[in-house]
Structures are given as structure tokens and as C-alpha cells.
């Protein structure tokens, strides 16, 4: 896990997310506390638990993006789950333990990628030698004639040495051509491990959901690895062999051990739509999708051990960030025990027209920049006037006010409509510079605006 100060975390988040300072500060402090915990003695380390966060705010204001960006920033295992997907134990659907299993899978992928990067160069060299063997063909050493050995014929030895030198020269020649890309389209026959393994579905005590169990894993020590012959171009063979050799160079036991450790200490689980499992009214009978799910989530957030296919995983120090709009239910509608597990409560503000202008201008991945880059691939330079950006922001804000408020996601709809005609005709406009003006925005978006203007008068 990377070490950032709270200010540095907020500065990094500012590059992608506009406003919401309070939420950014809360997650920054939560992450810094993890770093501080790692510096404590073992006795204290076990006592300090993460201060879980609950974010309250309308859709499209940056709740999910904040959680996703911090996980990427500190390189922590991260998983986003929808609270509405879970059902109480005993009912058809996903059980809550699956969020921890998903987190461990994410951690295994992360650690594996890191290990693979470290062995890339070594794997390339081994793969190159294998590929040369397939192209040139391995020279089988002939056993010496007993009479040659007895009488030590120099001519036979000399002939063998000459052949060896010739083969070595040929291999180096092929190696150079490979590196220059001269043989890329040459088709070669290679032998690779068959990765298509039989699968079976079964119920396990890991949860009520169906799990795919890989038979190859179960019988790994009994069944030999299956090989198959493939005919592929050299450039493709190079990629396949490099991947196979890299896999052979990493120790999966080490990967799993490190992944479980990271998931337990650095893992972040983002539970979205938590307001949808809050009981907001009078209900009769068993409330399958609400209170039961809350009670099932409770022990995981509180700290328990979950069985995964990689081994037991403790959830005591996983950081949980929950989010919801809470426009119908309130945070107080969650069961009291669950409320108590989220000591930090943050409110995110609805976006204003000024926020929309900043969203279009400031972030590194702003939509305006994305469309510029997309059309640059067609040889078109796109520029925006300040008035045009203000007009786009105004349209998005107006539509949000008059219909469903979906926050910054409204900008995707507006921008797609704005660039629809231009994107369609882009191949015919190669080499041109297009300036998006206020008039152009109003012309392209007039249908959308007229529709919402008319809706005001429909009962």
C-alpha cells in the first residue's frame, strides 16, 4: 500500500473529482490511519479497527468515483458490490460472504500482475529460446559409435563440432530476425499447455451461491498437464510462449499468501445502494431483501472469518465504504447495530451549474478532453469556447432540474447528443479544425431542450 498524506490524497482526488471536500477528507484520513496502524506494535495493531464510512448523496455526485480512485491511488484491493444483489441466507441469490471472496480474487489478480511484471524479461528470454527451437528444430545428439569411442576418430569429432557451430550460427541468425520483426508473419507450430479445463457446478459450504470448481485444480497432482499443438504466426507465438513462461516462473503459493494478507489489511469494499436495504415503511411478514440482509452484513463488517477457495480470510481490518441516495429511506432506518459500524457519516452535495462547468474543464479525464482525443484519431482538431462549455453545463443542469436528477452522468447524455452528428461525419472531415461554439451547442441540443420545455406543461 502506497504512503500518502491526507493532503496528497485530496490533491490527487481533485484531479478527477470536482468538489465534495468533506467526503475526500474523510476517506483521506481513513487511508492515513491504515498507514499509521501498520507502524504500531502488534498488540495495538490488532486493537485499531478501520473507521468505516457511509456516504449520503444523490446519484452522480461522485460517491463511487471517490472510492474507486482512492483504491487505485494506494494500490489496494478494491471491490464494488450492490447491496440489492444480496439475499438472506437460505434464499436464492448471492450471499453476503461473496463480497469477501470477490475481494480476495481482486487481491490475487493484483499480486499476480505485480509478480508477472517482475519476471517479464526472464520469461521473454526463455520464450525466445523456445520459439527458436520450434523454428529451427531441436538437433538431437547422436550417440557415438562404439568403434569411434574406442579408436577416438578425430574426423567424426570434428564433423560434430562443425555441425554444432553451424547450428549455433543459424540460431543466432534466427534470433536477430526475430528481434527485428522479420519473421512476424511466418507461421510456426508450437506446443502449449491446454488451458481449457473441465468445469463442474456444485454447492459448497463457502456459501449458498453456486460456485464453479475447477477440476484441474482438484486433480493437479494426479492428472498430467495436457499439451496441444497450435499453428500460429510468430508474433502470436511469441506472446503465447511469453505468457506461459511467465506463469511458470511465479510461485502461486506466494501469490495467494500475499493476496490474503493484502485483502485482510488493505482491502476496501464499497457497498453501493445501501439505502435500498433500509426498511422505510410498514412491512408485514419476513422482509427477505432488507433487514435479513442487514443482519447478514453485520458480522462481516464487525469482523469475522470467511472461507474462500484460497483459505480463511479475516474481515476485521477491511475498510467498508457504504453509499446511498437515501431519498426515500434515511440512515436512521438502517438497523442500529449496522449504523454503529459506520462511525463516519458524510453528506455529498447535489451538483450546481458551476460544478458542471468545472467538471467539463478541470479533471484530467474530463469529457471534453475525451471527445477531443477520440476525434483526433480521425484527424480532426476540436476546440471549445468558454461560452460553449457554459451552455453545455446549463443544458445538463436544466434537464436535471426538470426531470430525474442523475448528477454528472447527465453530461454523458448531453455530450453524446452534441457530438452525434460530428462523430457520424468524422471520416469525411479529416484534417479540419472544428470549434464548438455556444450557437452550435444550442442548435444541436434544441430538440432535447424543447422536449423538456413541453414536459413542464404536461400533467
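Indices start at 1 and increase along the chain as displayed.
Cβ from N, Cα, C; glycine included.
If you check Swiss-Prot, you get these features:
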- 18, 60, 61, 62, 63, 64, 65, 272, 337, 409: ATP binding site (BINDING)
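Where Swiss-Prot records a feature, it is marked here on the structure.
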residue: 18; record: ATP binding site; DSSP (3 states): coil
residue: 61; record: ATP binding site; DSSP (3 states): coil
residue: 337; record: ATP binding site; DSSP (3 states): helix
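Within 10 Å of the Cβ of residue 63 (ATP binding site) there are 26 other Cβ atoms, across all protein chains.
Annotation for residue 337 (ATP binding site): same-chain Cβ neighbours under 8 Å, separated by at least 6 residues, are 295, 298. Listed binding-site residues: 18, 61; maximum Cβ neighbour count within 10 Å falls on 61. Around residue 65 (ATP binding site), the same-chain residues six or more apart in sequence whose CB sits under 8 Å from its CB are 16, 17, listed in sequence order. Binding residues for ATP (18, 60, 61, 62, 63, 64, 65, 272, 337, 409) extend across at most 34 Å, taking the greatest CA-CA distance.
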